[in-house]
Every structure is written in C-alpha cells, then in structure tokens.
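Pulled from TrEMBL, these are the features on record:
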- 1-394: domain 'Major facilitator superfamily (MFS) profile' (DOMAIN)
- 49-69: transmembrane segment (TRANSMEM)
- 137-159: transmembrane segment (TRANSMEM)
- 171-191: transmembrane segment (TRANSMEM)
- 228-252: transmembrane segment (TRANSMEM)
- 272-292: transmembrane segment (TRANSMEM)
- 313-331: transmembrane segment (TRANSMEM)
- 351-370: transmembrane segment (TRANSMEM)
Amino acid sequence: MVNTSETVTRTNISYADECPYLTDEDEEARNSRYSKSEQYNWDARTQGLIMSSFFYAYFVTVLTGGYIAKKFGAKRVFGGGVFLTSVLTLLTPAAVRWGTIPFIVARALEGIGEGLTYPSMNTMVSRWAPKLERSRISSAVFSGCPLGTVVSLSVSGWLCGLDFLGGWPAVFYVFGTAGCIWSVLWFIIIYDSPDIHPDISEEELSLYYQTEDNKVSHMDFDVPWKKILTSVPMLGLLIGHIGIVFGLIILMTEIPNYLNAVLHFGVEASGFVTGLPNILEAFGGVCASYFADKMISSKRFSVTVVRKIFNSIGILFGLTNGIASLTGIIAPNMVGAFTASGGTRTNWNKVFYVTAGIYFIASTIFNLLVSAELQDWNTKKVSEEKSKTVETKS
C-alpha cells in the first residue's frame, strides 16, 4: 500500500496500513510485486496523523461506553460497535482511494465503534459471571484481544503477499466481512443477562444468584468524582496506565515497521515476533485470574469488602483507560517526527529511548503512589432501604 522505495514514507505504518516486503529482493522482483497493488507515497508525518486518527473519537466513547451500555444494553452497544467498525473496515480501501482526509475520517469513525467495546463487555461480564468465577471468566473473555491480535497480524501479512483481492485490500475485506458476520450472530445468540435468556431454567437462575452479587451492581450510587480525581493513589494508577498504553501502542503499531525497515524481517516473521508479547499476555491474564478467584473463594475477605473492591473497578478503568488512550494520538506522531528524516537505526533508537524512559517514570510513580488499601471514597452511596437489603443478604 505504501511505496517502500520511499525511505521516509516507510515508517509509522503497521500491518493495517502497509504490507512490507523482504529487502533482499532484487529490484525487478520488487517492482513486480508492488505492481499487484496500489502504492501511496505518504510522508512520515502524514502516516503519523493517519495512525493517530483512530484514537480521536476512541477517547470519547471509551470514557462514556459504560454509561451508554447501562442505558441501552451491553448487547446492543457491543454488537453495534463491532458492526460499525467492521463496515468501515470494508470501506477502508475505497476511503484510501478517495484521499487522505476520507481515510482519516474513516479511521476516526472506527475509533467510535471500538471505544464502545471494552466498557460494554465489562458490563456484560458483570451481568453474566458468578462472583466466585468472575475473574476467570473475565480473563477468558478478554484474552481474545491479544490472541486475536496475534492471528490478525499473521493473517494480514500472509494476505498482503497474495494476488487475492489486490493484495493489501484483502486484509480489510476479509476482516471486515468476518466482523459483519460475527455481529449478526452476536445479535441472534446473545442476551444482556440471564434473567431474559429464554433457555435458562429457574433452577439455574436460583443457583446463579446464590453465588453472585449482581443485584448490588444494579443499585444507583453517586460517583465521588472530586475525591477520585484528587486521590494520590488514583493519580499513581493513572500514570501507570498511561505508561503501559503508550508502550503497547508503540509495540503494536510501530514495531512491525522497525522489524522490516531496520532488521529486514519479512512479513510473516514480523507478525510472529510482534505477536509474541500478546501470547504471554493472554497466558498471564488467565493465571492471574485463577489466583484472584481463589483469593475470593478462600473467604479471607468479607462479602462487604469484596463488593467494595469491585465497586469502582469499571469506573476507574474507564477513566484511566480513556485518558491513557490519548497516547494513541501522541505515540504515532512522535515516531513520525523522529523518523521524518529516514527510518534509520539511529532515529528508531530515539523512539526506544523515549519509550523506555516513559516506562521507567510511569512504573516508578506507580510504585510510589499506588496503595492496595481500600480508599475512603470507595463506598456506595445507596438509599437506606437498599443498603439494608444488601446487609441482610450478606
């Protein structure tokens, strides 16, 4: 898609936007392969703008997605977000041909759909997962994200090297079509909660509610925003999250270009190496969730404490993840600025030095400020009647 004979324009584009080729091919073979698909000579800064455009709207919907899911139903919001993104993915090759601005607009609109998925899925898990199994179920569900990244990187690299549907456009057509089909199945099969599922028996519902506290999560309570935003541990959590997301964006969107431009990796090898951290992430998440559920089932914590611990998780995740997603705008543009004069090893080293520095500073602040103690503001402000009901059930 991007002409790799242009040294400057090869940087700052990942598999979604560039299909790189082995650099040891002779010029005739290279020209032959490039002729199979269209080429776009975007400079590094334009590429940075394209890469970051996804996060313009993502920032908004990831903050508000939880509220929207609660109001309209997690099933509709999650399925609608995936369907919107899938349709726009199908339209991406056409948007690219129309020009840079339509492409940027399409990417920004994709961010709207994707921003709804994480908070709405958190809502869905809270409605379906029994308390003692919630960590494991949540981890199993969200492990699909890193595993899906591994698969998509590998498949994208493979599709780019084929004549099928013009080379790089096949990536968007295949994944866009798969997303649309999946969305239809989602709307047919999935229900917002066990209460409205037609095939769940009264016995199953009774067992479900004996071992979980979903009814508590439906209570209305005031969010102490001022206390949250002025909390020192919360500040440490936010900074730590920003550091993690910044490094993750560099890893997923920029490292494939570095592997190809500087280390001369092929498409398939780049996809495999880039996906390795995601495999370990999925494995680590599943292991951690097992120990988390064991901690809860061991009854070392009272029901009240457990409820308070999970009270603010959704709100805090939405807040910190929303703010941290702004690094998706900063990181690609930073890489574009550093590599504007060429995708050399020296220029890429600057990217890694800055990223390592951000990791170090963020982790240091996190370790200094974050506390595992329950904060004073993490208390439900429910009506007296509902509070009595909760205490009775405890």
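Every residue gets a Cβ built from N, Cα and C, even glycine.
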Same-chain residue ranges lying at least 6 outside the transmembrane segment (171-191) that approach it to Cβ under 8 Å: 15-16, 19, 75, 78-80, 82-83, 85-93, 152, 155-156, 159-160, 165, 197
Taken over the domain 'Major facilitator superfamily (MFS) profile' (1-394), the model's mean pLDDT: 73
